[in-house]
Amino acid sequence: MSENTQMVKRNYVCFSCKVLIKWRYVVVAICAVVNAIECSLKSMMAIAIVPMVAGNKQNFDNVTETNSFDWSPTQQGVILGAFFYGTLITHLFGGQIASLIGSRFLVAFVLFISSVLTFLTPFSAYKGISVLIAVRVATGLMQGSVSPAVFNLLSRWTRRDERSRGLAIYSIGGNGSALLSMPITSFLCEYGFAGGWPSAFYVYGIATFILFFIWTLLVRDSPEKHPNISESELIHISKNTETARFEKSAYTPWLKILTSIPVWAIVVAKFTSSWSYYMLTTKLPAYCDSVLGFSLSENGGINALVLSSSIVSLLVGGFLSDAIEKKGLLQRTFSRKLFEVCSQIGTGLSLFLVPFVGGNRNVVVFLLVLSMLFNGFYAGGTNPIMVDIAPDYSGTIYGLASTISSPAGFIAPLFVGFLLDLQPEKPSMWNYVFYASAGINAIGALVFAVFATSEVQKWGVKEWSEQRGHKHEEDGRKG
C-alpha cells in the first residue's frame, strides 16, 4: 500500500471521528464524572470513619487487628466536617480563579492534588488526628473550586437549547455518587485490601488520578481550543451561546455582581432549595426510624428511593426545559421561573402535607419521595439561569450561591435538632420541622418569581465588563 493511500485513510479516519463524536456531549459526561468523584471524596469519610474508630475489629488472613483510633464523638464530628470547611473557602473564588488560569488547568490541578491527598489519608490518620484533619481540609480546599470552574467551562460548551440538560447531567453526577459511593465504600471497608478501610481511600485516590489523565487529554476550555472538534459542531455551538471567545482574565465585576437583584434572587432560591434537600438527606433516616418505625434495611431502601427520585427529575427537568427553549414554547425568563417555582412549591407542599397523613406510612413515604422529585426540577430554574444572566461569570455566581447555600447542610440538621430537643418525647415536633421547611421553600419561590430574570446582564459578558475595568484602571492612573 502506497504512502499516499495510507495518509488518505488516516485522514479519513480522523475526519470520521471528528464528525461522529460530539465533543460537547463528551465534555458534559466527563464533567459529570468529576462531580461524582468530588461528592464521593466528600461523603466517603462518613462511612470509613465507622471502622476507623477504636473498638472495631476486623479479621484478615486469620489475624485480628484492632484499630488504634480513640476519637471522641466531637473529634469525629470535626473530622467529618473538615472537608466541608475547606470547600467553603474556595467556593466563592473558584470561578474567578478559573477565569484567571482556565477551567481546564484548574480542574486538572485539583484532580491531581486531590488524588495524592486521598491516597495519603490513611497515612495521615496514623500520624495523628491533627494531620488527618489538615489533609481533609486541604482536600476540601481543592474540591471547592471544581463546580464554579465547571460552570464556567460548560457556559462555553453548551448551546442555549441544551444548557439545562447539560447542567442537569452534571448535577446528576453528584446525586448519583451518593447512591453508588456509599455501598462501594462500605464494601471496601469490610472486604478491601490493606486492612479494609484504607483500601477505600487508595481506590478513590487511584480513580481520581485516572480521571486527571482523562480530563487533561479530552477537555479544553472552549470548543475553539479543542483539537478534534469538527467545524460543523464548532459552528453549531458558537451560533447558540452568548459567551465571548475564551480569554484568561483577572477582572471580575464584583460590585455589579453583589448589587445585582437577579443574582440575589438566585442565591435565595438556591439556599431554600438546599435547605429542603439537606433536611431530607440528613434527617430522613432518623424520622423513618423514630416516627415511622421502619427497620434498618427498610430505612436504607427509602433513602435510596428518595435520592433516586431527584435524579429522575433532574434529568426530566433538564431535557424538558431544553425542549421548551428549542421550540420557543415559552419566553425564557417565564420558563426558568416556572421550573423553579414548581420545584420550590412542589417540594414545600409535599412536606407540608406529611403531618396530615402521619398515620399512613405508605402515604408519608410517597410524599417524601414526591418532595425530592419536585426538588430536582431546579434543573430548569436556578441551574441554567446562572449562565443565562452572566455567561462569562456563571462560575463566580455559582460560587457565591454555593458559599451562601452550602451552610444549609449543617444549619438545617441543627435547626431540626433544636426543635426536637424542645420536647424530645413528642414525635409530633416533627410536624413543625415540615411546616418550617415548607415555609422556607415558599419564600424561595416568591423571591425567584418576583426578582429573577434570564436576560443577559451588561456586566455578564467580558467585552463590556473588561472595558469598564480598564476604564476604572485608567481613571485611577489619571487621578
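For all residues, glycine too, the Cβ spot is worked out from N, Cα and C.
What TrEMBL lists as domain 'Major facilitator superfamily (MFS) profile' is 24-456. Averaged over the domain 'Major facilitator superfamily (MFS) profile' (24-456), the predicted model has a pLDDT of 84.
Non-local neighbours of the transmembrane segment (25-54) in the same chain are 66-71, 76, 79-80, 83-84, 87, 107, 111, 114, 118, 125, 136, 139-140, 143, 146-147, 150, 153-154, 157-158, 166, 169-174, 176-178, 180-182, 185-186, 189-190, 196-197, 200-201, 204, 207-208, 211, 214-215, 218-219; each lies 6+ residues outside the stretch with a CB under 8 Å from one of its CB atoms. According to TrEMBL, the feature transmembrane segment maps to 25-54 (among others).
What TrEMBL records for 74-93 (among others) is transmembrane segment.
What TrEMBL records for 105-125 (among others) is transmembrane segment. Within its own chain, the transmembrane segment (105-125) has Cβ neighbours under 8 Å at 34, 37, 41, 52, 69, 94, 97-98, 131-132, 134-136, 138-139, 142-143, 145-146, 149-150, 153, 194, 197-198, 201-202, 204-206, 208-209, 211-212, 215-216, 219, counting only residues six or more beyond its boundaries.
Outside the transmembrane segment (131-155) by six or more residues, the chain places 27-28, 31, 34-35, 38, 41-42, 45, 78-79, 82-91, 93-95, 97-99, 103-104, 106-107, 110, 113-114, 117-118, 120-121, 124-125, 163, 166-167, 170, 219, 221-222, 241, 243, 386-387, 391-392, 394-399, 402 with a CB less than 8 A from a CB of the stretch. Per TrEMBL, the feature transmembrane segment maps to 131-155 (among others).
Sequence-remote contacts of a segment are chain residues at least 6 beyond its ends whose Cβ falls under 8 Å from one of its Cβ atoms, and for the transmembrane segment (167-188) they are 28-29, 31-40, 43-44, 47-48, 150-151, 154, 158, 196-197, 199-200, 203, 281, 304, 307-308, 310-311, 314-315, 317-319, 376, 379, 383-384, 387. Per TrEMBL, transmembrane segment is recorded for 167-188 (among others).
Residues or ranges marked as transmembrane segment by TrEMBL: 200-219 (among others).
Look at TrEMBL and you will find 254-280 (among others) tagged as transmembrane segment.
Sequence annotations record features per position, and here TrEMBL assigns transmembrane segment to 300-320 (among others).
Summarising the annotation, TrEMBL assigns transmembrane segment to 341-358 (among others).
Beyond the transmembrane segment (364-385), the same-chain residues lying 6 or more positions past its ends with a Cβ under 8 Å from any Cβ of the stretch are 163-165, 167-168, 171, 175, 262, 266, 269-270, 273, 276-277, 280, 284, 292, 302, 305-307, 309-318, 320-321, 324, 335-343, 345-347, 350-351, 353-354, 357-358, 401, 448, 452, 454. Under the heading transmembrane segment, TrEMBL lists 364-385 (among others).
Taken from TrEMBL, the feature transmembrane segment applies to 397-420 (among others).
If one looks beyond the transmembrane segment (432-452) by at least 6 residues along the same chain, the residues whose Cβ comes under 8 Å of a Cβ in the stretch are 261-262, 264-266, 268-269, 271-273, 275-276, 279, 283, 333, 336-337, 340-341, 344-345, 347-349, 351-352, 354-355, 381-382, 385, 415-416, 419-420. The transmembrane segment annotation in TrEMBL covers 432-452 (among others).
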